[in-house]
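Below: the structure, in structure tokens.
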Amino acid sequence: MSITDFLTDLFNPDLAFLPKALAIAVMSSIVCGVVGCYVVLRGMAFIGDAVAHAVFPGIAVAFVLQGSLVLGGAVAGVATALLIAIFSQNRRVKEDSIIGVFLVGAFALGIVIISQAPGYAGSLQQFLFGSITGIPDRDLYVVGGTGLVILGLVLALHKEFVSLCLDREMSRAMGLPVFWLDIVLYVLVTLAVVISLQTIGNILVLALLITPAAAARLLTDRLGVMMLLAPTIGGTSALVGLYLSWSYDTPVGGTIVLVATAIFLAAWLLAPRHGLLTKRMRRCRGRESADVVRSSSVPDLTRPQDPSASLR
Amino acid sequence: MRALEIDGLDVDLGGRAVLRDVRLHLDRGELVGLLGPNGAGKTTLLRAILALTSTRAGRVLVEGRPSRPGRSEIGYVPQRHEFTWDFPISVEQAVMSGRTGRMGLLRRPGVPDWRSVGDALDRVQLTELRRRPVGELSGGQRQRVLVARALALAPRILLLDEPFTGLDMPTQELLGRLFTSLAGEGHAVLMTTHDLVAAVDTCTRLLLLNGRIIADGHPADLQDAELWTKTFGVSETSPLLKLVRAT
């Protein structure tokens, strides 16, 4: 299908679900891209996985009670995030084990609850792998509003989150409320996951959180740039993924994630400074011109620190 | 008034006595080395000074007032591995992160913040590298970033946790001179170290710690072998004692 056909379908009133799905996919990918930067930099991918699974029982309850899936998922996810934060204060069992316990426990609860609903098999697949049909108009506003709140909080607490990622002990010494900042960050991750569930699905939502941010990290050494690149990569993946999914009739969540994965692999190979192929090409070129001049754009890190830069 | 005064300090960790009846004081202009074996409680003592660990008894007075987190009189320089060096952040941003607590919520760095960061970078001679990602720095440069981050708060007391560990001799000397001149400018500097040579060479006073303070004095006054065998639990023939006698 050509891009013109896709555009025609987008504005076709009979296919009103398509632009809605596109808007939600792009909005949630952008939010996940931004929040994902902290997740990737702090090495908390496993927590992201845990809350992604933990929202499942909430969604199941909401489904059984015919309530808002986004709201149900948010409540369950936030509750689990709080439980993880509180239980990890006990240092006898490590945080990753605590996360593992709650991750599987919550998912099991979700399966038991949803099995009580008649005709659950179809809806189960929808939760797990995402869908572009059947999105109520209300969700459009809920996702947009929640996304704006998340981005606002990130903007407001950015320097505190950075300090926390850099050095927890120092953050405590500075008098920052480390425990509460942890909780806010967990809750932000949860909300970002919840608003992405509709189109991407429960299993694959982690990719939206991790992959764009990880690709952005490969492309830059500057946090500000990374936090602009990640949502750009996420949003592009959602747009291209939905287009491909619509054209070739593939599952939407899987297609979006595959596009993001392809971007990540491309970044891994071709990143300007740290890419695998880029480095190899530079080395080949360096060998040819080794006796001419040494590349000055790449600092030579093997050289020890210059001791002549003495201190006054 | 003393910059730092500790009296009768007891600290337990996980039900185990780590520090007992610790008494020490620190004045401005001093560079004091805190020596002791692993598990002697050196880092715990620094954490108690920062009020990051609960104490069982005793008191810690910073400029005459009880210590609590967020007091900017103390500049803390943790061990290098505490910092996430692969974070995509420049040297000057890393130093600015030291002022996060001071700025307060919802504030962005203003002119005074950037001025403090600039002064701190000047002080450790990293101004030229201020835009470089921290991941690309050498060990000595990283240590200077952490010192600059502490200095960005213009503290009167500096606590340094093992600043020399893993650094080569020229870099140690460079840092030693920096700490000496910081003390000369009126900072009260307390540093833990395993490096006896550097400590004896640079410090104006040494504290020997093993659960409690075993000795407190000028390096030249700590020649008694028994003090060292008691602190480090080594035998009379230990190379450590040869080193002490040689200095």
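Numbers here mean position along the shown chain, with the first residue as 1.
Including glycine, each Cβ sits where the backbone N, Cα and C put it.
Keep in mind that this is a model prediction, so the values were computed, not measured.
If you look up TrEMBL, you'll see A:21-41, A:61-86, A:98-120, A:140-157, A:178-197, A:203-220, A:227-246, A:252-271 marked as transmembrane segment.
For the transmembrane segment (A:61-86), the list of distant contacts is 47, 50-51, 54-55, 95, 98-99, 102, 106, 113-114, 116-117, 120, 123, 127, 138-139, 142-143, 146, 179, 182-183, 186-187, 189-191, 193-195, 197-198: same-chain residues at least six beyond its ends, Cβ to Cβ under 8 Å. The transmembrane segment (A:140-157) makes no contact with the transmembrane segment (A:227-246), as judged by fewer than three Cβ pairs under 8 Å among residues 6 or more apart in sequence. Between the transmembrane segment (A:203-220) and the listed ranges A:98-120, A:178-197, A:227-246, the one holding the most Cβ pairs under 8 Å is A:227-246. Sequence-distant neighbours of the transmembrane segment (A:178-197) (same chain, 6+ residues past either end, Cβ-Cβ under 8 Å): 24, 27-29, 31-32, 35-36, 38-39, 44, 47-48, 51-52, 54-55, 59, 69-70, 73-74, 77-78, 80-82, 84-85, 89, 127, 130, 142-143, 146-147, 149-150, 153-154, 157, 160-161, 164, 168, 171-172, 205-206, 208-209.
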